[in-house]
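Notes to accompany the following structure.
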Amino acid sequence: MNVAMNLAQGLPRHCLKAVRTRSARLQRGLCTRVSASAGAGEQYDFDLFTIGAGSGGVRGSRFASSYGAKVAVCELPFDYISSDTKGGVGGTCVLRGCVPKKLMVYAAEYADDFKASQGFGWTLPAGAATHSWTGFIEAKRKELQRLNGAYKNTLKNAKVELVEGRGRVVDAHTVEVDGKRYRAKNILIAVGGKPHKLDIPGAELCITSDEALELPECPKKVAVLGSGYIAVEFAGIFSRFGAEVHTVYRQPLPLRGFDGEVRKFAAEQYAAAGLHLHHSSNPVSVSKQANGKLSLVVKGPDGATSTLTDLDQVMMATGRVPKTSGLGLEEAGVKMGSKGQVVVDEYCRTNVPSIWAVGDVIDRIQLTPVALMEGMAVAKSVALNTPTVPDYTAVPSAVFSNPEIATVGYSEEQAAEKFGDLDIYTTSFKPMRNTVSGSPLRTFMKVVVDAASQKVVGMHMVGAEAAEIMQGFAVAVKVGVTKQQLDSVVGIHPSAAEEFVTMRTVSRQVRKSA
Ligand SMILES: Cc1cc2nc3c(=O)[nH]c(=O)nc-3n(C[C@H](O)[C@H](O)[C@H](O)COP(=O)(O)OP(=O)(O)OC[C@H]3O[C@@H](n4cnc5c(N)ncnc54)[C@H](O)[C@@H]3O)c2cc1C
Ligand SMILES: NC(=O)c1ccc[n+]([C@@H]2O[C@H](COP(=O)([O-])OP(=O)(O)OC[C@H]3O[C@@H](n4cnc5c(N)ncnc54)[C@H](O)[C@@H]3O)[C@@H](O)[C@H]2O)c1
């Protein structure tokens, strides 16, 4: 998120000029290569060969094809759990990320709903609401298989050739898939990332998000390491399914990079929802007990160690790393970053002009819609002779924890640094449903306004339906809505969303000089 802001918001005039000049050069370069290939120059098997059929790879490939390019994409054989040899068309989002995770969130939400319904007069006969974990996992697998098939069909209908196998770059214009070589005018690297495990004793006993989506049964007691998106989402899922969940993280508050007030409010709500939060804590080791359960040694804020025992699972949600090892990129002269990410320019092009990269592998913003945007940009640059820069301004995102969080634009801390003077509007309330349902959860909303221009530069929400609500407001923030314009909108009543257009009193003025 932070990277996104730095990448694109408010480019100074001289930078814009540089972008335009490079754009013109790129356009000339692309035209030259197109005519070289089409004419007497070297012949290629494909105009574009993509490695990885996840969000970015599928989007880039099928749009390049729709623009007239001859395109192939290679992808590892399907499996629910990824490895260096297993993957599947659809990629992380469809098979091991957004989709199965959201299905799990839906499944877990029913548990709360059954409870909440009692406040509204419903009585469930004893034993009426039982959950079949295996039934759910089966339904989820069926849906993922359907999606895998649907994505394959999408590629077929778009006339993109699918090659099953592990791709590797041989040189600037050659990709090898399981021994067979293909010559391509352009190569798109869209291999995504994989879970990063902490190097602590007993790490091999821990699961990651891949396995968490495929457990044979729901854990009754679980420790989740980390407090990023994945950690808090899975903590919420397991907890709603009735597990005792311990979230262990090294920061004082969860969700580093999010707005400070949001982080504080979210932590309070997570605790109210039943999570055991171990802040400012570091995992030391994991071991197997005689009874087969796991123990986790944790170093707490005061430096003292304590042990969490009888854990069914320890889940590491400690970030993801680009899946670039053994891909042949360094050998082909592609510049790589310290985390193994592919270094690209504003067009998602590497220092080797025929090689491009999009999505998690470039480690800008690890979100599906961002990978889609980047894939689309490369398709236009490569196949339409329209050099296209992805626009990272006001990228919204949501965390599907309990409660949900959604955000667009700057956090207060980022905005203060960028704009100096701010007007901050906040509200916190018990949503109407929870006044009767008995749920202790509250909602928090925040609008960050640049005091000088009165533009809304950030909006944040913690509470039910935050993602659905924020998508619409993201449009407004992206096009530069002012606070006055926001105030002129008539609310939808009764809804939580209406609070965003009815916050009239400044909660706080942040002044640089103060
Ligand atoms: C648990 C989880 C939940 C998530 N939830 C969300 C969410 O709710 N919203 C959201 O926006 N984002 C979410 N994300 C992030 C999102 O999934 C990624 O940002 C997105 O999938 C990135 O797309 P990509 O195309 O870069 O890579 P991927 O989707 O990972 O695709 C890369 C593909 O390349 C293949 N591949 C790798 N190496 C090779 C090779 N050598 N040869 C051939 N194929 C190869 C892989 O098998 C894979 O299919 C989540 C991620 C995780 C892990
Ligand atoms: N709803 C969504 O949009 C969604 C959901 C899941 C994942 N994602 C994407 O996937 C990416 C990866 O998710 P993630 O949650 O694994 O990563 P993350 O970067 O969001 O969080 C990683 C967590 O691991 C901790 N950590 C890292 N190294 C550590 C160490 N050495 N010791 C202790 N703790 C350590 C960090 O402090 C942090 O809490 C996210 O950045 C996000 O972009 C998005």
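Don't overthink the numbers, they just go from 1 along the chain as shown.
Here the Cβ of each residue, glycine as well, is placed from N, Cα and C on the backbone.
Per TrEMBL, the feature active site, proton acceptor maps to H493. Annotated FAD binding site per TrEMBL: K102, G167, D360, in sequence order. What TrEMBL lists as NAD(+) binding site is G226, S227, G228, Y229, I230, A231, V232, E233, G319. The domain 'FAD/NAD(P)-binding' annotation in TrEMBL covers 47-375. Sequence annotations record features per position, and here TrEMBL assigns domain 'Pyridine nucleotide-disulphide oxidoreductase dimerisation' to 395-503.
For the recorded NAD(+) site, residues G226, S227, G228, Y229, I230, A231, V232, E233, G319 set the reference point as the centre of their Cβ atoms, and the other residues of that chain within 8 Å of it by Cβ are V224, F234, P254, L255, A317. Proximity of the recorded positions K102, G167, D360, H493 to ligand 2, judged by a Cβ distance under 6 angstroms to any of its atoms, singles out none of them.
The number of other CB atoms found within 10 A of the CB of D360 (FAD binding site), across every protein chain shown, is 30.
Among the binding-site residues listed here, namely K102, G167, D360, K102 has its C-alpha nearest to that of I230 (NAD(+) binding site). Counting only the Cα atoms, the space from D360 (FAD binding site) to G319 (NAD(+) binding site) is about 12 angstrom.
Across the annotated binding residues for NAD(+) (G226, S227, G228, Y229, I230, A231, V232, E233, G319), the two most widely spaced Cα atoms sit 13 Å apart. Classification of G319 (NAD(+) binding site) by DSSP places it in coil, neither helical nor stranded. Using a 10 Å radius centred on the Cβ of K102 (FAD binding site) and all shown protein chains, the other Cβ atoms total 13.
The domain 'FAD/NAD(P)-binding' (47-375) scores a mean pLDDT of 97 in the predicted structure. In the three-state DSSP scheme, the residue listed as 'active site, proton acceptor' falls into the coil class. Look at the Cβ of each of the binding-site residues G167, G228, G319 and count the other Cβ atoms within 10 Å; the largest number goes with G167. Here the candidates are the recorded positions K102, G167, H493. The one whose C-alpha lies nearest to that of G228 (NAD(+) binding site) is K102. Taking the C-alpha atom of the residue listed as 'active site, proton acceptor' as reference, the shortest distance to any of the binding-site residues K102, V232, G319 belongs to K102. DSSP assigns I230 (NAD(+) binding site) to a helix.
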